[in-house]
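Below is one structure, written out as structure tokens; the observations come after it.
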Amino acid sequence: MTATKEYLAESELQKPNGRFGTRHYVVFMLFLGMANAYVMRTNMSVAIVAMVNQTAIEHEAEVFDDECPDTDYGEPADPADHKDGEFLWSTSLQGYILSSFFYGYVITQIPFGLLAKKYGAMKFLGWGMLINSVFAFLVPIAARQGGAPWLIVVRFIQGLGEGPIVPCTHAMLAKWIPPNERSRVGSIVYSGAQFGTVISMPLSGLLADHGFDGGWPSIFYVFGIIGTVWSVAFLWTCHEDPITHPSIAEDERKYIQQSLWGKAGVNIPPIPWKSISRSLPFYAILLAHLGQNYGYETLMTELPTYMKQVLRFSIKANGTLSALPYLAMWIFSIGVGWVADWMLTSGRFTHTLTRKLSNSIGQYGPAIALIIASYTGCNRALTVAILTIGVGFNGGIYAGFKINHLDLTPRYAGILMAFTNCSANLAGLLAPIAAGNIIEGKPTIAQWRIVFVIAACVYIFTATFYNIFASGTRQPWDNPDNDEPQKPVSIEAPAYENGHSNLANGGTTATMYRANNAAEQRQ
């Protein structure tokens, strides 16, 4: 297979020396931002165990299956080590508290995606995470002074602040990262989610047991400080794009701007809603994202429940085992990203084929793991291994559909991500609902097999749809040739208007667009 002209053209560009450049610093900060976001999202699930007086509240009788022998492996050795919390919250009320963050997070996805397109992504991302971090300090105060209702309000506001993290991160990657670096960079940045989870779960447990102010409040104080420091540093040192950055090396600025399919600092025309709504490659990403969230929720939420109810083994009680799947996904996703970029720069693979191969690993792999896990019987060790391997393979999605928005439309990538991420998070709610209805009252291996096979089928269907209709080519509705003519501005001498760069869509952008699409159409 021949290389696309896009990469032949990029190979002729003068790439900056192998130094740690400004774009690498931006990537590092976005990685830490994603890690902070997932720390804030998951730390309540650990803290609430220490917050609630578990012995004083009435527990619903949990139904266990008797097909597998009982075991104490993975459970606390000494019940006396458990410390009761200070709040009498029922299980259902705890569910409302845990979900309140999610509702704030989901409803701001699309609005912030649209606002980022108009006003820029960097400040929404920085200020949103600052709000999230500052309100973390209020969690202990709200819980102790106002009870569950005020705690729900604070967590909801934290979710609102985290809403910009995914669409705004995507929008910044489109402006800072050349196409031949996107796979590994996207994998690195989004793997911050797994890194944050790996750090958050054991550290939150340690703080809950040995922290200050009663233990659990220190979780929110410590991570609130870390998040606040990151937010201030991000707002102080990062900039919207290479054109507006005051101190980036000139050779790096030229390399980024000339290698991007569309200029990062252009006056972006109105969103082509009609064309997007008719785009099969967009629906391929949307379906893949929906299938990913449904399958991932099954892997990470329902398999541990299966292991507890059927296998009599609590993986959640073992901090090391609970972090293993996230660690595997983090490491594997970075590796797949590097391989994907090598495939592109080698000249042997197109964007389209690279995205499909990466995504196939990321979604067919977990599907196979779920099917195998449903037939492992009472073998606890094998089930843990399957869980770890399946979630590890899932890391392939970052070089697959997760970064594919940037291929289709660099200028509207943040908006597309806002729509697919919002829809996918809502679809993720279906996994525990479906599982609950299937296994209610009868958590047998046979019933759980239905749960796993359904999730595997969702993975397989959405991945197959993606493989048929996905594309790595920039779409005609984001053709720079169709933009209104603007006064040419040199890359070496960027112009600014109202605090934003105003770079024309010149002949270079149009030429690269035509060359890329002509080459892709010949594949």
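For all residues, glycine too, the Cβ spot is worked out from N, Cα and C.
The feature compositional bias 'Polar residues' is assigned by TrEMBL to 499-508.
Residues or ranges marked as domain 'Major facilitator superfamily (MFS) profile' in TrEMBL: 22-474.
Look at TrEMBL and you will find 476-508 tagged as region 'Disordered'.
Residues or ranges marked as transmembrane segment by TrEMBL: 20-39 (among others). Tertiary neighbourhood of the transmembrane segment (20-39): same-chain residues 125, 129, 132-133, 162, 165, 169, 172-173, 176-177, 185, 188-197, 199-200, 223, 226-227, 230, 233-234, 237-238, 242, 245, 247-249, 252, 256, selected by CB-CB distance under 8 Å and a gap of 6+ residues from either end.
Residues or ranges marked as transmembrane segment in TrEMBL: 93-112 (among others).
For 124-143 (among others), the entry in TrEMBL reads transmembrane segment.
What TrEMBL records for 219-237 (among others) is transmembrane segment.
Marked as transmembrane segment by TrEMBL: 323-345 (among others).
The transmembrane segment feature in TrEMBL is assigned to 381-401 (among others). Here the transmembrane segment (381-401) has Cβ contacts under 8 Å with residues 183-184, 186-187, 190-191, 194, 284-285, 288-289, 292, 295-296, 299-300, 303, 306-307, 311, 315, 321, 324-326, 328-337, 339-340, 354-356, 358-363, 365-366, 368-370, 372-373, 466, 470 of the same chain, all six or more residues outside its ends.
Positions annotated as transmembrane segment by TrEMBL: 413-434 (among others). Here the transmembrane segment (413-434) has Cβ contacts under 8 Å with residues 102, 105-106, 109-110, 112-114, 116-117, 121, 166-168, 170-171, 173-174, 271, 276, 282, 285-286, 289-290, 292-298, 301-302, 405-406, 451, 454-455 of the same chain, all six or more residues outside its ends.
Look at TrEMBL and you will find 446-469 (among others) tagged as transmembrane segment.
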Intrachain neighbours beyond the transmembrane segment (124-143), with Cβ under 8 angstroms and 6 or more residues off its ends: 33, 36-37, 40, 44, 51, 87, 108, 112, 115-116, 150-151, 153-155, 157-158, 160-165, 168-169, 172, 213, 216-217, 220-221, 223-228, 230-232, 234-235, 238
Intrachain residues whose Cβ lies under 8 Å of the transmembrane segment (446-469), provided they are six or more past its termini: 280-281, 283-285, 287-288, 290-292, 294-295, 298-299, 302-303, 306, 310, 356, 359-360, 363-364, 366-368, 370-371, 373-375, 400-401, 431, 434-435, 438-439
Mean predicted confidence [pLDDT] for the domain 'Major facilitator superfamily (MFS) profile' (22-474): 83
